[in-house]
Amino acid sequence: MERTIGIDAGGTLTKIAYFNKKKLLTFEKFYSHEQHKIIDWIKNNNGIKQICITGGKSKLLQQLLTGSYKIIELSEFEATLAGVQFILKEEQHTINNFILTNIGTGTSIHYVYNEQYIRAGGTGVGGGTIMGLSKLLTNIDHFEDVIPLTKVGSRKELDITVGDIYGGILSPIDNNLTASNFGKAAITESNNSSSDILATVQGLVGEVVTALSLQFAETKNIEHIIYIGSTLCNNVQLQHIISSYTEYQNKTPIFLQDGGNSGAIGALLHATK
C-alpha cells in the first residue's frame, strides 16, 4: 500500500483511490453509512500517512479518523474535474468544452471550459431516487439487486408514450418518446412485476437527468455531454437510456470507464502532485 490515498465520501457511497505496489490505480468502495468498515480498512493498511478527502460526508469521516494522518481537504467539484480530466487523457479523448453531469445520490451539472468550470444546476433526481423508489415500490434496497432486474424489465405497461396518445394519427414528434413516466399506472389495472417497475423507475431518472443536461448543452451550444457517477457503474440499461436520448437531440454522450471514481482519483492526484 502506498502512503497516500484519495477519498470521495459521497452521500451514498465512499470511494477510495490509491496506487498499489505495482503503481496501478486501484479502487475500493463502501456504503457511506458503514463508516466503521471504511475506518477499519484505513487502519488495516498501516502504510497510509496522507489522506486527501472530498465529498459531502468528508467532515463526518474526518471526525472518526484517529492517528497521525496528514489530512488534506479538497472541494468536491475540483476533485471531480481533476479526476475526469485524468481519465479523459487516459482514454485519449481531446475535449476541452463539455457538459459534465455527475449522477450520484442526486445529480449535479457543470459547464467546463478548458480548466474553468461553472455550475449550471442540478436536480434531486439521481441514484438516490432509483434506490428510494425501488425500496418503496418493490422492497428491493440493494443496487446490486436492482440492476439485473432493470435488464429484463419492460416500461411498456407503465409509461405512456407519444404513440399511445396519438394512436394511428401522425404525431409531431417521435412516437417512441415518453409522454408520461408511470402514466399507465393510473389508468390500467395490472399487477406489474418488480422488473417492470424498476425498469420504469430507471427510465424516469435517466430521462429527467438527460433532459436537464440537454437543456444546458443547448443553451451554451456545447456538443459533448460527459456522464459520470457510481449510478452508471455496470448499469448498461441506464447508459442506453441516456445515450439514445442524448443522440436523438444531436448531442454526443460520453461515458468514462472509471467515471464513478472521478472524485477519489482527483483527490489522490491532488495529494501526490
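From the backbone N, Cα and C atoms, a Cβ is placed for every residue, glycine too.
Taken residue by residue with DSSP, Asp8 (ATP binding site) is part of a strand. Among the features that Swiss-Prot reports, ATP binding site is placed at 8-15, Thr105, 127-131, Phe143, Ser230, with the record citing sequence analysis.
Per Swiss-Prot, the feature active site, proton acceptor maps to Glu76. DSSP classifies Glu76 (active site, proton acceptor) as helix under the three-state reduction.
Spacing of Thr14 (ATP binding site) relative to Glu76 (active site, proton acceptor) is 13 Å (Cα to Cα, whole number). Using a 10 Å radius centred on the Cβ of Phe143 (ATP binding site) and all shown protein chains, the other Cβ atoms total 19. The distance from the Cα of Asp8 (ATP binding site) to the Cα of Glu76 (active site, proton acceptor) comes to 8 Å.
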